[in-house]
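Below: the structure, in structure tokens.
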Amino acid sequence: MRVIRDAVLADGRVRDIRLDGERIDAVGTALDGELFVDANADYRVLPGMIDAHVHFRQPGFEHKETWASGSRSAAAGGVTTVVDQPNTAPPTVTGDAVDEKAAHAAADSVVDWGVNGGVTGEWDPASLFDRSLFALGEVFLADSTGDMGIDAALFRDACQRAASEDVVVTVHAEDADRFDTAAKSRSDADAWSAYRTPEAEAAAVERAVEVGTEAGATIHIAHTSTPEGVDAAAAGGATCEATPHHLFLSRDDLDDLGTFGRMNPPLRSDPRREALFERLADGRIDVVATDHAPHTRAEKAADIWDAPSGVPGVETALPLLLGAAHRGELSYERVRDVTAANPADVFGLERKGHIAAGRDADLVLVDPDDAREIHGDDLHSNCEWTPFEGHVGVFPAMTLVRGTTVWDGDTVSAFDGRNVRQ
């Protein structure tokens, strides 16, 4: 058995971590075993990030991303499990479409993975729930990339079906009736934020929680971008996630980002961003997930009403959070909880998310003092850009998936990622 010696855990304790193949055998002091890594009480060791919200674009949009490129980017960013969303081509609204996507993931992903099922008027719940779905969603309450927005009746039906199958429903919560159509006369980059209002999110969260509760479904709100949305989710007993772009960017950044800062839901005012970050720090936000949604530079360079929505983020999420922890803005315990422990608990991943005996050895080693600027040219996504250009992050020195080194600080290694639901 191999030992990581004198690792600093998220809570500051210095412990040995002994690995037995793919699993953690023990966490303690003075553990016997072959020395694997001497952390020397300098390196922090965290459980690998579970990114419950990525768009790896395959099948259908491989020029933007593939399972190979997206999972390499994940590994280099300390992400050991990814969950792909349904809006590919074909969308994963049938069992056959899930099988097709899962085959790509099984062949090419170097991290563990899950596939979500989607809901449209053409969905086939019988075949869909016959597959090993990670969750149902994101279910779109307003149109986004892929035109998968659904009406209230179909959402209610989807919640009832998911409840009967004991599958979590993840929700893209925006109410199109609350969009400000007056903003459509504008052509500046901020027009998108003005159009898709904060009120649209809060109203949709309240509606989603109400319908989900009536149906007996477990509701998780995706990419919550406003403090009001977080509060509405909590009030209704739902869990929620926030993204790095909503935590670290605001409408103030749109002068520099232009259409590269268009996403759904959009960037909010800086006071709202600060209030969202406060909810991250104090525990009201359950999960950080990236909504990694890459597009090419050429695609994003269109005008604000034609540019596709979405930004990459799977490689920079954990580094940005670790940078915030290094600056004292966030505790390492919160980083651990929102990136690993909580996603594992919310989605029932019994082998993931915790550094404990019997869990998968999904681990990230970081030197907390090794902060550096983020540059798109250094990242591994096919899209080759980042909205966080020039921001400071702390990147992993090593990433392990089930005990195998998939990132050594310089190179991504081959590895057969597995479906976490099988």
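Indices start at 1 and increase along the chain as displayed.
Cβ coordinates are placed from backbone N, Cα and C, and glycine is handled just like the others.
Among the candidates ASP270, ASP282, ASP286, ASP291, the residue that Swiss-Prot annotates alongside HIS53, HIS55, GLU138 as binding Zn(2+) 1 is ASP291. Substrate binds HIS55, PHE56, ARG57, ASN87 as Swiss-Prot records it, and from the list HIS295, HIS326, HIS354 the residue named for this site is HIS295. Per Swiss-Prot, the Zn(2+) 2 site holds GLU138, HIS172; the candidate it also names there, chosen from HIS223, HIS245, is HIS223. A Cα-Cα distance of 17 Å separates HIS223 (Zn(2+) 2 binding site) from PHE56 (substrate binding site). According to DSSP, HIS53 (Zn(2+) 1 binding site) sits within a strand segment. Among the binding-site residues listed (GLU138, HIS172, ASP291), ASP291 has its Cα nearest to the Cα of PHE56 (substrate binding site). Within 10 Å (C-alpha to C-alpha) of HIS172 (Zn(2+) 2 binding site) lies none of the binding-site residues HIS53, HIS55, ARG57, ASP291, HIS295. Residue pair ASP291 (Zn(2+) 1 binding site) / ARG57 (substrate binding site) shows a Cα separation of 12 Å.
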